[in-house]
Amino acid sequence: MELNSRIPSGPLEKKWDNHRFSNKLVNPANRRKYSAIVVGTGLAGASASATLAEQGYQVKTFCIQDSPRRAHSIAAQGGINAAKNYQNDGDSVFRLFYDTIKGGDFRAREANVYRLAQVSTEIIDQCVAQGVPFAREYGGTLANRSFGGAQVSRTFYARGQTGQQLLLGAYGALSRQIHAGRVTMYNRREMMDVVVVNGRARGITTRNIITGELESHAADVVILATGGYGNVYFLSTNAMASNVTAAWRAHKKGAGFANPSFVQIHPTCIPVHGNYQSKLTLMSESLRNDGRVWVPKKKGDTRPPAQIPEDERDYYLENKYPSFGNLVPRDVASRNAKEQCDLGKGVGATKLAVYLDFADAIKRDGEETIFRKYGNLFQMYEKITDSNPMKEPMMIYPAVHYTMGGLWVDYDLMTTIPGLFAIGECNFSDHGANRLGASALMQGLADGYFVIATSIAHYLGSNPLDNVSEADQAFVDSRKEVEDRIAKILKNSASGPAAKYTVDEIHKELGKLMWDNCGMARNREGLEKALDELPGIRKKFWDSVYIPGSTKEINQSLERAGRLADFLEFAEIMIRDALSREESCGCHLREESQTEEHEAKRDDEKYSHVSVWEYKGEDSEPELHKEELTFENVTPSQRSYK
Amino acid sequence: MSSIDLTLKIWRQPNSDSLGSLETYTLNGVNTDMSFLEMLDVLNENLTKEGKDPVAFDHDCREGICGMCGAVVNGVAHGPEKEVTLCQLHMRHFSTGDVLVIEPFRSRAYPIKKDLLVDRSALDRIIQSGGYVSVNTGGTPDGNSLPISSQQAELAMDAAACIGCGACVASCPNGAAMLFTSAKISQLALLPQGQVERKQRALAMVAQMDKEGFGNCTNAKECEAVCPKGISIRNIARLNREYVKAVLSEG
Amino acid sequence: MWFVRFISSSIGKKIVMATTGLLLVLFLFTHAAGNATIFMSSEVFQDYANELHSHPLIVLVFSFSLLLIFLAHIVAGLYLFFENREESKSRYVVTTRVVENSFASRTMPYTGLFILLFLLVHIMGFTFSPEDVLISVTVKELLGNFFYSFFYIAAFIALFIHLSHGFWSMLQTFGVNHPRYNVFISRLTILIPLFFLLIFGGVALYFMTGLGANY
Ligand SMILES: Cc1cc2nc3c(=O)[nH]c(=O)nc-3n(C[C@H](O)[C@H](O)[C@H](O)COP(=O)(O)OP(=O)(O)OC[C@H]3O[C@@H](n4cnc5c(N)ncnc54)[C@H](O)[C@@H]3O)c2cc1C
Ligand code: HEM
Ligand code: HEM
Ligand code: SF4
Ligand code: F3S
Ligand code: FES
């Protein structure tokens with residue numbers, strides 16, 4: 001597998017301009033002769049579909065949900081970053097670039113990240129022009145807040161529904177192109193395979209979720225915008241349909257998978273309350289601006305929080321990190337919460353929670369101020385937990401939130417399969433080993449609105465493409481392969497449910513294995529154990545999963561089973577990736593790699609690279625390739641929040 | 001934490017072409033911290049283990065924002081709690097012995113696909129007919145070149161908060177999609193960006209809404225009462241105004 | 001043609017309802033004012049009636065327009081009623097209305113039809129009353145009948161109910177809905193129908209109870 005990142009030459013600030021200038025173009029009149037498939041309608045997919053269609057390409061767009069507007073991006077709450085420096089507090093493209101690279105613990109490419117920071121400003125202009133109702137100052141200018149511990153206010157937001165409003169903007173642009181006939185929208189379709197013809201991605205195989213039919217779609221390029229794979233853990237803050245299937249199938253067809261073990265665990269989520277739980281709900285990070293995190297000093301203290309006197313409380317973040325206090329980065333906050341619970345100081349019925357207390361803030365600023373700031377979140381919390389954070393401290397616990405890993409792409413966002421592109425959370429490109437708050441939305445829209453069209457034009461302009469049709473052998477083969485796989489998933493079910501497992505039972509087992517061994521803190525022993533146990537779970541799935549119904553109808557168990565089958569295969573490279581990275585970096589503590597003060601220790605000497613995995617067939621071990629990372633404009637420094 | 005025993009009467013319909021009927025299930029030991037959808041998950045796990053077909057229902061985010069979930073519970077879209085989606089409704093609002101009749105969202109414009117799962121693409125087509133500002137990507141003016149008062153932005157945001165769940169249609173005695181349509185039209189009519197296409201938008205979206213077979217609004221206010229996002233019928237008033245103004249000058 | 005398209009659109013039909021509804025309310029104000037003269041004395045009332053009838057052209061045009069307005073209101077109302085009924089027929093096994101006090105809005109077509117029935121009786125009785133009998137006498141005779149008056153009062157109650165949703169609804173249809181005025185509007189929506197109920201009902205009671213026996 002050749003990893004040519006095709007980073008343009010020239011100084012950092014000029015790379016993107018140089019690249020755009022040297023790229024090939026497609027004449028406007030010719031564009032309608034070309035077709036593109038976009039899988040996914042999140043921020044990345046919707047914006048890419050709309051933009052390509054506006055430029056004249058014929059676009060086919062796919063999503064799992066009943067409407068493109070429901071993609072997982074809709075759930076993002078906090079905001080979107082952009083280097084506008086509207087607040088005149090010292091922000092700049094370079095600072096956003098630097099913060100992002102540093103936040104990612106120096107595991108991302110300089111060139112990509114710089115481009116991201118450059119186009120961030122255009123994103124805001126674009127969204128404003130679409131009528132996205134961003135929050136405003138009284139004077140009518142755009143409002144900003146500081147987010148996730150950033151030193152400048154560069155986060156744009158629309159109440160606690162920023163993702164929703166940005167997505168609806170992109171969905172509007174997409175809808176306009178659907179109306180104009182330039183985008184054909186396929187709802188309720190699940191992509192099952194990439195079709196590769198003569199070494200180039202030329203189409204996909206999909207399953208129609210309503211009829212169960214397998215369909216082939218051919219095009220000149222295929223763009224995956226299928227989001228992240230956090231649901232490998234079963235419980236995460238991701239939407240239920242978020243999956244790795246599309247990316248995994250691409251991987252099996254030859255696309256390298258980069259840094260699969262880079263997963264972000266968000267510190268402020270509502271804790272798990274029972275084994276029936278289906279997903280976790282995020283509580284915005286902004287709560288840490290005023291809330292104080294604590295646990296009882298005594299292990300197994302079951303007194304209600306109000307009865308625990310001040311001197312018997314351990315404000316562990318404030319004590320350990322006096323300068324950042326409750327605002328330490330996500331990974332540090334998450335890890336410390338887990339540590340306290342592992343020490344037996346966790347609170348709540350499951351003992352897997354810590355307090356986030358607003359009592360002092362209420363005393364200081366008054367009930368009204370605090371309620372005005374966080375009322376929405378408090379109400380949401382109360383709906384779910386039946387407890388009022390104005391009266392009792394909130395309980396929070398970390399949860400899987402975002403996946404930095406993804407399909408490996410070059411500067412043009414093309415995977416190692418020519419003609420197959422990956423954008424948004426589904427690629428690995430810009431966040432290194434850790435993503436800053438409010439940067440995923442920025443990246444999704446940067447890729448979709450401002451980067452991908454340039455790449456597509458260049459690809460189409462520089463490669464003569466054969467004609468392919470859905471009747472070609474490659475498409476027939478792909479359909480057959482998918483059909484066989486579904487038949488294999490269903491094969492146990494004819495004999496009834498006795499002595500079988502449901503899809504969710506197996507998924508929960510996988511999730512627990514991953515959470516316990518491949519979560520925030522990892523060690524060789526645990527990872528090896530996980531690698532040992534994984535085949536057993538896989539076997540359980542293939543030998544004894546029970547799925548009612550057939551494939552020729554709406555069959556939600558079958559949909560989930562298909563996704564789980566891929567998670568089960570994918571989990572292996574996640575664990576292997578974690579094993580091979582014997583350093584602590586970004587989101588993860590590798591327990592063997594710590595400083596004396598038990599802080600994460602990065603190892604730039606050995607691990608300043610992107611780990612890219614190549615699929616080598618069902619029975620062979622995947623192969624690890626490395627893309628070395630070079631830093632010419634910033635000097636990697638160790639993070640310290642003491 | 002406590003648990004309750006329920007009787008569920010759920011609409012079962014294998015596909016669009018077949019007739020459906022209510023099926024009765026008993027579900028005991030429902031943990032009151034569960035969400036409504038988690039309760040259905042538990043039922044489905046039980047059904048699966050008995051070799052029966054689980055109940056099909058739409059859902060995705062499970063945090064009240066994607067608008068994918070929804071059913072009519074004892075005659076009320078999204079169930080008895082105010083301003084919550086079905087996925088955010090928790091079982092603590094029910095008690096032992098309750099009989100819950102669970103039916104799909106119904107409207108002439110929503111064909112039932114299976115059980116509680118319906119096709120709401122008519123709502124997408126309303127947006128496609130004009131629920132956007134027609135700007136291409138790139139070349140847009142600086143975000144701050146267009147001052148918008150904070151109050152106006154908030155008002156637009158009130159309307160923009162619609163999640164497109166379609167509960168308004170399901171609960172409207174006439175099956176009207178006025179609240180949904182008015183939310184988008186209001187958002188854009190309230191913002192300077194929406195002015196250029198303001199009239200065309202109102203005409204096109206109302207025409208599409210009528211074409212899809214949604215009913216006529218008779219100001220019954222049920223839509224507002226069940227809307228999980230508290231979208232106000234003030235938006236419907238605004239839509240009426242927008243439409244009349246558009247018809248009188250451009251229609 | 002834009003007008004046809006307008007009228008046949010869902011919002012167009014509503015606007016027809018609201019416009020005719022508004023005109024009917026205005027008519028009722030004049031009618032109520034006219035009828036209120038009954039409380040002064042039969043002479044004042046008779047003078048008023050005579051004055052009216054001394055301009056036959058105006059009366060004709062007025063009556064004719066009123067007829068059209070009624071027809072438009074009724075036709076559009078029934079059209080909406082039947083079109084919407086197709087939707088609501090056997091839709092859910094269990095139907096619950098969440099809105100409190102939705103009685104008036106649910107019964108609009110029925111209260112409306114009852115008013116229609118009243119109108120038929122009313123016009124048969126008054127407009128087509130024998131030419132040679134003074135109108136004040138007709139009023140007294142007809143309303144002096146207990147059952148006749150009783151029916152009238154029932155109709156006025158129906159009218160009250162109809163308007164207790166209708167007045168607000170009309171403004172909403174016209175696009176008048178603003179938090180600052182909504183409290184005021186909801187008061188008017190009770191006060192105006194109540195006003196009609198008091199005036200018209202008062203007249204009916206006046207005769208029914210025998211108070212107006214010496215009229
Ligand atoms: C609760 C929450 C809050 C967040 N808040 C923020 C925030 O404040 N700021 C921020 O910057 N980021 C935030 N994030 C992260 C951010 O929301 C996501 O990273 C981003 O939205 C991903 O967008 P996307 O377009 O790549 O993919 P998604 O939005 O996940 O879209 C995936 C699309 O692909 C489709 N798809 C997937 N698989 C298939 C398949 N096999 N076949 C067909 N279609 C398929 C889906 O239908 C969907 O349309 C948050 C994330 C979560 C979970
Ligand atoms: C006690 C109450 C009422 C009394 C005493 C009363 C009296 C009359 C009289 C005397 C006339 C005949 C006018 C004429 O042709 O000279 C009349 C006409 C009419 N009334 Fe009433 N009325 C009452 C209530 C109502 C109500 C509540 C309505 C409507 C809902 C109504 C609608 C009409 C109409 C439509 C006409 C015909 C007008 C015309 O021909 O131009 N009346 N009424
Ligand atoms: C004659 C028989 C009548 C019938 C059959 C009738 C029918 C109806 C119906 C079905 C509606 C509901 C329409 C909707 O909710 O959108 C309605 C609304 C209304 N009616 Fe009547 N009505 C009648 C008489 C009257 C009278 C006499 C008045 C006036 C005083 C009146 C005033 C109104 C008003 C103001 C509305 C509200 C319009 C709106 O919702 O926009 N109606 N009528
Ligand atoms: S207006 Fe309310 S009920 Fe209707 S679709 Fe939008 S959010 Fe759902
Ligand atoms: S319930 Fe229906 S009648 Fe109008 S006010 Fe709402 S759309
Ligand atoms: S599942 Fe998304 S709103 Fe309920």
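Including glycine, each Cβ sits where the backbone N, Cα and C put it.
If you check TrEMBL, you get these features:
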type     : residues  : note
ACT_SITE : A:Arg330  : active site, proton acceptor
COMPBIAS : A:617-629 : compositional bias 'Basic and acidic residues'
COMPBIAS : A:632-642 : compositional bias 'Polar residues'
DOMAIN   : A:36-441  : domain 'FAD-dependent oxidoreductase 2 FAD-binding'
REGION   : A:617-642 : region 'Disordered'
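Cβ environment of A:Arg330 (active site, proton acceptor): A:Gly148, A:Gln264, A:Ile265, A:His266, A:Pro267, A:Glu285, A:Asn434, A:Gly437, A:Cys587 lie under 8 Å away, each six or more residues apart in the same chain.
Using DSSP to sort the residues of the compositional bias 'Polar residues' (A:632-642) gives these counts of helix, strand and coil: 0 helix, 0 strand, 11 coil. Residue counts for the compositional bias 'Basic and acidic residues' (A:617-629) by DSSP state, with H, G and I taken as helix and E and B as strand, are 0 helix, 6 strand, 7 coil.
The average pLDDT for the domain 'FAD-dependent oxidoreductase 2 FAD-binding' (A:36-441) in the predicted structure is 95.
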